[in-house]
Structure formats: C-alpha cells, structure tokens
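Trainee: This structure is in structure tokens; I'll ask about it shortly.
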Amino acid sequence: MARTQGRAAYVSAPMVRYSKLAFRSLVRDYGVDLCYTPMILAKEFNRSSLARDSDFTTNARDTPLIAQFGASCPLEFARAASLVQPYVSGVDLNCGCPQSWAFQEGLGASLMRDRGHVSELVKQAKERCGKDFCVSVKIRIHADLRDTIDFVKTVEAAGADFITVHGRLPHQRSSTPSSLSAIKLVKNHTSVPVLANGDVFSLSDVHKIIEETGVDGVMAARGLLETPALFAGYTSTPTEAVTKFMNNAMRCPLPHKLLLHHLSEMTGTLLTKKERAKMMDCRDTIALIDWLDENIDIQRPI
C-alpha cells in the first residue's frame, strides 16, 4: 500500500507481549502496512514446540509480517529464521532491547558492542534462508554516532535488507526525546531502507519524522497501544476499534490480563479513570464482555 501511494511505510513495532495476532489484525485495519511479532528468544524457539506454539501465531491475513528474534548465536538465529520462513515476509534481529536481563544474556542492545558478531548473525541467516529472504536489524544508537555509522555499514555489508533505528541510547528512557538527527545521519550513510522508531503518537508525528529524516518508514509502539487507529489519522481510539479488537481476541485468544492491559491502554478517552478501574476488576473474559456491553456497546460480528 505504501509503495502504491508513494509514501513511507507505516509499521507496528515489536512489543513484548502486546504485538500478538489479535492486535496485529486490529492495526492492519487502520493503515498499518507492516507488522512485527513480539521478540522471540531464538534458543527456546528452536528447542521447544511449546515455545513455538506460544510465541508465534499467524493466519492468511497476517501479512506482511516480520518475526523478530532475540539471539546471540548465529546458528540459533539462522535455525529460528528457517523455521518461520514459510510463514513470514522476513526476520529481524533485535539489537535494541535495553533491559538488564537481555544484556546479561548477550542479547538486544548488548550486541551493538560487537558489530562483527552481528555481521555473522546476519550472514548465517541469509545463507540458511537464501539471499532473497529478508533479514533486518533493529538498533538503538551509540553515544558516539560514528560507532553507529560503522555498525550499520557493517551489517549492511553482511546482507541486512533494512535497518530500524530507535533514536535513543540503550540506557535512555522514553522520557528522553528520540534523536531525529541521529536517525537522519544513519539514513544518509546507508543504501538500504531505514525505518525510524520512537515518539510516534499521532499522524502529525509521523509526517514530522519523515520530513526531518527522510526515512523510508515510521514505526510506532506506545502510540499504537493508546490509539490503534493512529496511522489512519485518529487522535484517540474510536469505539469501533474496541469492538474489532474484542472480536479478534475471541478468534485469536489472549491471556485475560493481557486483554485487560490492551483495553486499558486504548480506552483512555472512551472511559473515565474510575470506569477503567472497574473494567480492570473483571475476573474473567465473560465478565469483561458483559461489562463492555453495558459501557461501550460491543457489536458482535455478523
């Protein structure tokens, strides 16, 4: 869609727990061009059928889709990529997760300390899956942006098909503004497409980022949780989106607590704080549906 409309791609980010099939199906109805799975740990995915069934679910409408993996071993990443290859448009290597557990496991942003190792991860995945299979890398930035440029040039040379840049240092929280100048610098020093990630809460934010950086696509995370219709120009969640999400969740079940968290995020302007607290007290999905019927008027699919 983005290419036919002559615009940058609109992308739903890989979010731990949240980027599951029911949510991906929702945002696709509101202008998202490309979705990511939550980060999947390659080692467990390769070894456990239970992990595969739990971490990866898709359907015929869930395309294009990128499966994101957390991996530090080139062989593990390549194996995981080959397992999902028949079902996805590509895989992504997470080099941006800032959480302490990821650093301890040698995953996420810790990989940005060794661009040669990341190069090997990309190479082995491309060799295993074929040069035409898409392999991308999602990164944060270094304190010295020359290191970031060296990093992206190295992974580009290894065969990475595109790069996603979250414009913050690994230790910086979301309260620190994303650096558009850093993202622009990466875009100007690479020949592969670049996606920008960070501080996307409205369509005007999207347009600003594109204008200031020249990127090929914009990725939203927290903004989409709050307003799943963000890329369609909505500034708050329409009631119909709640209906769509609940219908999706019935077809593609989510744990009850996760379902509640999604609804709490997206109903910020539809419900009062007191009403959301009552919604969060629903003990099971049946009780939740009854409560929503009384307060939001959920429509059943025809």
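Residue 1 is the first one shown; counting continues down the chain.
Keep in mind that glycine also has a Cβ here, set from the backbone N, Cα and C atoms.
Got these off TrEMBL a minute ago, pasting:
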ACT_SITE  Cys97  active site, proton donor
BINDING   Pro14, Met15, Val16, Gln68, His166, Ala221, Arg222  FMN binding site
DOMAIN    13-276  domain 'DUS-like FMN-binding'
Trainee: Find, for the listed binding-site residues His166, Arg222, the residue with the lowest Cβ contact count at a 10 Å cut-off, counting only other Cβ atoms.
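Mentor: Taking His166, Arg222 as the binding-site residues, the minimal 10 Å Cβ count falls on Arg222.
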Trainee: Would you please pick out, from the recorded positions Met15, Cys97, the one with the fewest other Cβ atoms within 10 Å of its Cβ?
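Mentor: Result for the recorded positions Met15, Cys97: minimum number of other Cβ atoms within 10 Å at Met15.
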Trainee: Go through Pro14, Val16, Gln68, Ala221, the listed binding-site residues, and name the one with the sparsest Cβ surroundings, counting other Cβ atoms within 10 Å.
Mentor: Val16
Trainee: Roughly how wide, in whole Å, is the group Pro14, Met15, Val16, Gln68, His166, Ala221, Arg222 that binds FMN, by largest Cα to Cα distance?
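Mentor: Between the outermost Cα atoms of Pro14, Met15, Val16, Gln68, His166, Ala221, Arg222, the distance is 17 Å.
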